[in-house]
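Peer 1: Structure below; questions to follow.
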Amino acid sequence: MAFSISKKAAVAALFSFLVVTCVAGARPGNFSASDFTADPNWEVARATWYGAPTGAGPDDDGGACGFKNTNQYPFSSMTSCGNEPIFKDGKGCGSCYQIRCVNHPACSGNPETVIITDMNYYPVSKYHFDLSGTAFGAMAKPGQNDQLRHAGIIDIQFKRVPCNFPGLKVTFHVEEGSNPVYFAVLVEYEDGDGDVVQVDLMEANSQSWTPMRESWGSIWRLDSNHRLTAPFSLRITNESGKQLVASQVIPANWAPMAVYRSFVQYSS
């Protein structure tokens, strides 16, 4: 996670903010769309980066959305924190954006696609992408990745795009600590919107759906007043209101920390 309440992280955050303030001093903090080439399909933002220069962001290759192994396919380290208008208190997790940098000589101007996997609270701009080092460097001209990363903070343009995870179906990772009266699951790899705004669970031999609640990030939980009876079907709803049902995707012999792949997927 990019934000921590530990003393060490607080000092790092203060240092990062001071650096951002100094770098941003070269141009107004409240810049307008007129600073960029007019393009109605793109919005303006600022970008920073964190973690290793060629890493996926967090040291544990995770983040505030709960995704695992973001250094591997399909994330492939092309990840980003989003501030609240992008992160949306966790409901923006998994959404995909095209980004391209401007106003720096090392910028290629070519769009790159990133996935929201983490959050940030730094007061940089209305829209702020705190990118992995890999994603930040990907916006550079060939051979100028490090030069662009050394800029620290840059102007970018961005737009929301459909997610597309070739060869993958919606996947459910049962979280550690789940038991017969507490069930928590990470939802990932949704094409289209990429995000999830609601998850519902149906027990075996039941005809009704029980709403789960967002635990944090893309992890949803159900605290039950009775022992849950598997197999479970899960129904997910994305930001557009489209629903998918993964029938009996969680088997009767489910286990914490196990991954269960469905046979369903949104159209991208």
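Quick reminder: no glycine exception, Cβ is built from N, Cα and C everywhere.
Pulled these from Swiss-Prot:
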DISULFID  C65-C93  disulfide bond
DISULFID  C96-C163  disulfide bond
DISULFID  C101-C107  disulfide bond
DOMAIN    62-168  domain 'Expansin-like EG45'
DOMAIN    181-262  domain 'Expansin-like CBD'
CARBOHYD  N30  N-linked glycosylation site
CARBOHYD  N238  N-linked glycosylation site
SIGNAL    1-25  signal peptide
Peer 1: What is the number of residues in the domain 'Expansin-like CBD' (181-262) that are helix, strand and coil, as DSSP sees it?
Peer 2: 0 helix, 41 strand, 41 coil
Peer 1: Starting from the Cβ of C107 (disulfide bond), draw a 10 Å sphere and report how many other Cβ atoms land inside it.
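Peer 2: That number is 19.
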Peer 1: Work out how many Å separate N238 (N-linked glycosylation site) and C96 (disulfide bond) at their Cα atoms, rounded off.
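Peer 2: Here the two Cα atoms are 13 Å apart.
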Peer 1: To the nearest whole angstrom, what is the C-alpha distance linking C93 (disulfide bond) and C107 (disulfide bond)?
Peer 2: 27
Peer 1: By Cβ count within 10 Å, point out the most packed of the disulfide-bonded residues listed: C93, C96, C163.
Peer 2: C93
Peer 1: Looking at Cβ-Cβ distances, which residues of the chain lie under 8 angstroms from C65 (disulfide bond) while being 6 or more apart from it?
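Peer 2: Once residues fewer than 6 apart are set aside, C65 (disulfide bond) is near G90, C93, G94, I116, T117, D118, M119, G217, S218.
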Peer 1: I'm trying to understand the geometry here, so how far is the Cα atom of C163 (disulfide bond) from the Cα atom of C101 (disulfide bond), in Å to the nearest whole number?
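Peer 2: Distance between the two Cα atoms comes out at 20 Å.
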Peer 1: Mind checking how the domain 'Expansin-like EG45' (62-168) divides into helix, strand and coil residues in DSSP?
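Peer 2: Taking each residue of the domain 'Expansin-like EG45' (62-168) in turn, the totals are 18 helix, 35 strand, 54 coil.
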Peer 1: Give me the CA-CA distance between C96 (disulfide bond) and C107 (disulfide bond), in Å, as a whole number.
Peer 2: 21
Peer 1: Taking every residue in the domain 'Expansin-like CBD' (181-262), what is their average pLDDT?
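Peer 2: Averaging the confidence scores along the domain 'Expansin-like CBD' (181-262) gives 98.
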Peer 1: Relative to the Cβ position of N238 (N-linked glycosylation site), how many further Cβ atoms are located within 10 Å?
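Peer 2: Its Cβ has 21 other Cβ atoms within 10 Å.
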